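Novice: The structure's right below; bear with me while I get my questions together.
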Ligand code: UDP
């Protein structure tokens with residue numbers, strides 16, 4: 001049986017230096033990394049965030065826009081990123097299918113788990129967008145949920161850092177990287193891996209979460225092949 005993984009990219013990961021919008025060169029880089037996986041017979045699902053366009057909490061901050069509406073705006077943002085990601089994958093010659101948790105059939109297939117797994121078995125990359133389809137959740141939770149539903153062996157959270165640290169490595173020189181973390185440690189306040197809902201769901205379903213540096217070329221493939229030097233694992 002082929003290996004199956006789910007890779008989560010934050011919306012910010014798609015943005016260029018200004019932190020907003022979509023940088024096609026970054027998309028192209030990500031598509032290359034995903035192609036490496038597919039070429040190695042790994043079945044790949046992708047969840048993308050929307051933080052480079054709209055984040056619900058931020059959009060609702062001053063009370064003009066209700067939180068539920070702001071969250072739907074955020075979910076739509078993930079669809080925008082999903083359309084772009086699908087294009088980038090196809091540009092690299094891969095076969096890709098975008099699915100949405102909220103129906104918009106002119107743009108993408110509705111999310112149907114059995115259909116998604118069939119695509120994966122055929123070597124197509126499936127992008128799961130619109131989060132869970134519900135306000136008050138995050139795309140990290142959506143990634144955990146989809147990874148569990150499709151029976152992925154691991155969820156890789158692609159980030160800008162090599163893993164999880166005991167404190168923010170961008171701020172503190174003496175931050176120590178934690179190679180392995182338990183789900184309960186990940187639920188502690190000072191360690192930010194994912195939100196508590198996502199961690200609790202992963203814990204319940206014994207889904208390993210790997211936090212990895214996406215800017216390290218070839219890292220995703222190395223991790224799936226068992227090299228855990230440039231990442232941290234929550235299990
Ligand atoms: N969102 C939501 N329900 C979900 C997933 C996402 O309401 O199941 C909304 C929420 O407003 C969130 C936004 O979509 O702020 C974008 O997702 P997220 O912040 O997780 O993106 P990332 O930080 O990964 O870019």
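Each residue, glycine too, has its Cβ placed from N, Cα and C.
The model shown is predicted, which means the values in this text are computed figures rather than measured ones.
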Novice: Which of these ranges is annotated region 'Involved in allosteric activation by GTP' in TrEMBL: 10-15, 16-21, 22-27?
Specialist: 16-21
Novice: Out of 62, 71, which one does TrEMBL list together with 50, 132, 133, 134, 135, 136, 137, 138, 139 for UMP?
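Specialist: The candidate from 62, 71 that TrEMBL ties to UMP along with 50, 132, 133, 134, 135, 136, 137, 138, 139 is 71.
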Novice: Do you know the DSSP helix, strand and coil residue counts for the region 'Involved in allosteric activation by GTP' (16-21)?
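Specialist: Secondary-structure composition of the region 'Involved in allosteric activation by GTP' (16-21): 0 helix, 0 strand, 6 coil.
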Novice: Please check each of the binding-site residues 8, 10, 51, 138 and report the ones with a CB atom less than 6 Å from an atom of ligand 1, ordered along the sequence.
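Specialist: Passing the 6 Å Cβ check against ligand 1: 10, 51, 138.
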Novice: Pick the one among the binding-site residues 50, 51 whose Cβ has the fewest other Cβ atoms within 10 Å in this structure.
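Specialist: Sparsest of the binding-site residues 50, 51 by Cβ contacts within 10 Å: 51.
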Novice: Would you list, in sequence order, the binding-site residues among 50, 132, 134, 136 whose CA lies within 10 Å of the CA of residue 10 (ATP binding site)?
Specialist: 50
Novice: On a count of neighbouring CB atoms within 10 A, which of the binding-site residues 8, 10, 136, 159 is highest?
Specialist: 8
Novice: 10 Å Cβ neighbour count around residue 132 (UMP binding site)?
Specialist: 22
